[in-house]
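Data block below; observations after.
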Amino acid sequence: MQSREDVPRSRRLASPRGGRRPKRISKPSVSAFFTGPEELKDTAHSAALLAQLKSFYDARLLCDVTIEVVTPGSGPGTGRLFSCNRNVLAAACPYFKSMFTGGMYESQQASVTMHDVDAESFEVLVDYCYTGRVSLSEANVQRLYAASDMLQLEYVREACASFLARRLDLTNCTAILKFADAFDHHKLRSQAQSYIAHNFKQLSRMGSIREETLADLTLAQLLAVLRLDSLDIESERTVCHVAVQWLEAAAKERGPSAAEVFKCVRWMHFTEEDQDYLEGLLTKPIVKKYCLDVIEGALQMRYGDLLYKSLVPVPNSSSSSSSSNSLVSAAENPPQRLGMCAKEMVIFFGHPRDPFLCYDPYSGDIYTMPSPLTSFAHTKTVTSSAVCVSPDHDIYLAAQPRKDLWVYKPAQNSWQQLADRLLCREGMDVAYLNGYIYILGGRDPITGVKLKEVECYSVQRNQWALVAPVPHSFYSFELIVVQNYLYAVNSKRMLCYDPSHNMWLNCASLKRSDFQEACVFNDEIYCICDIPVMKVYNPARGEWRRISNIPLDSETHNYQIVNHDQKLLLITSTTPQWKKNRVTVYEYDTREDQWINIGTMLGLLQFDSGFICLCARVYPSCLEPGQSFITEEDDARSESSTEWDLDGFSELDSESGSSSSFSDDEVWVQVAPQRNAQDQQGSL
């Protein structure tokens, strides 16, 4: 052992006091951290205590206050009585805490009378105070919201708002908007407005006396909706039509507001094709009486004097001063509504680290869509995904082998994570049918056991359940929807699921040695099986038939078929070179029974060669350009493959690059798209 003098200078401690070592500070030993009495916690104590208090409440034991809930219009002594514990109510409910501890008159009374809440809602809320659980339904949710808002029960109030938001539909969206406005709930109001904007075209056609429509909105509510940029419409005429509908629903009372309402119409986006419609608009009595000058001024600014005079042969000279005011708003040139730029596009899903590509095969436009899987790419906890699209153009993505499920909202260009699935799987597929997401097939990622369980997710309730299992396990298969039935098909068998009876039925099998891809087109199932064989199944007749073979190329690496805007497309890619692959798109001619190369403009695609595709309606104005994923062929040939391997990709790319991330047999298994012909029709 070295002495102090023998220690090298570099290892000796420096001292500001002439080389003297600093005093050693006395610190407690390890045992000091474990002295004193041991503190233990009974993790079941709070739940057991609450359960016991609830049993006292049910048995009316040790209760110290009686709450009488009186129906509005009734006198004292006619209400329903609730025997409760002050401390429980005060601890759980801010309203009762103020009542019983704030020196109010009721704090000293054995009985308290309440008038502004109904007995049924109060019973549910008292149960919540004792249990932390609340039962919501369409019948009680609005009354519970009002009662919880009064009693300041924040959790119940927000649960009611979430319940209403998840049940928005065409028949109740305007009523929920009015409800949110009445209670000034900003989030619910925004969600209702977003739903109305997304379904504005359908709502503009509704006029049943049994349903609340856009005509039932107040002036302020209507103006807020008509001013939205996010209206999913193809023409500004739809906005004008709704404005007229609203005014004519109560012409006498609403007529004076006509000018303000029509200023929400973006006249600059009318075209010459709208001339007949505008001529009819100018002849409507409510327009001629209240706002002819406003509309004339806007049209003159939009079309100029020549076309304006053809629309309005004899301008109203007395309205020239007021029409000049409307020119200001027309000259602002507001943007197009969101729906005017909507397009059905082919979406490419590839490696988890990459964004998704949105491609129009006829115009060559390409954009990128964000991926929710990016954060998992480097951890390798997500190897692939399964995707499907709903009739409302929402894209659902299930990660593999994790339990995550996301939904993509095109108007917001964002992903929302939903409730976790019940099982981890790999090699599964997913489909959307009538408000439910179905997941089946694949195997357990740990044991490798093939799974027969079928998971079902309720979009409305954000909940999962297990439904009837498949009688045979599925791997290397496709899950597709035709009409109101679910079909699982592979090379050996095809099963049909009837959700109305929760049962699986056997169908005529494909009887092929290989299975590649399937999609729905014209209510029939098109399958690529033993390449280049294409077979078609007609569910109505229960028969298979063979059509023209798909184009065969020895260098083709990947085959995808999609239903794009009521056209059946075959998308192929070549074996990757320089980490890039050439993509070719063919359209099927049903009359001539042949595949036609439509002349894709993609060039060489720098993307995962094991991509899968589906079609969905998206909004290019919300997306980012995707040209960086395309390389001209001449540029690719000039690159050195050695330089590309060294400089173009990271270590992660070399380990799990697109050309080797999936085997040939697993490309279509691990990431399986859902293409529902009926769903695509809903996007037109």
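Just so you know, glycine gets a Cβ as well, placed from its N, Cα and C.
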Review point. Out of S29, S500, S509, which residue gets the phosphoserine annotation in Swiss-Prot?
Key: S29
Revision key, fill the gap. Motif 'ATG8 interaction motif (AIM)' per Swiss-Prot, picked from 292-295, 528-531, 668-671, is residues 668-671
Study note, to complete from the structure: Counting only residues at least 6 beyond its ends, the same-chain positions whose CB falls under 8 A of a CB in the repeat 'Kelch 3' (486-523) are 429, 431, 433-434, 436, 438, 440-441, 454, 467-468, 470-472, 474-480, 529-531, 533, 535, 537, 539-540, 542-544, 559-563, 568, 590, 668, 675-678
Point to revise | Same-chain residues at least 6 beyond the ends of the repeat 'Kelch 4' (524-564) whose Cβ lies under 8 Å from its Cβ atoms | key: 344, 346, 361, 478, 480, 482-483, 485, 487, 489, 491, 494, 496, 507-508, 510, 512-518, 570-576, 581, 584, 586, 588, 593-595, 597, 609-615, 664, 667, 673, 675, 677, 680
Revision key, fill the gap. Per DSSP, the repeat 'Kelch 1' (386-435) contains 0 helix, 25 strand, 25 coil
Revision key, fill the gap. DSSP assigns the residues of the repeat 'Kelch 4' (524-564) as 0 helix, 24 strand, 17 coil
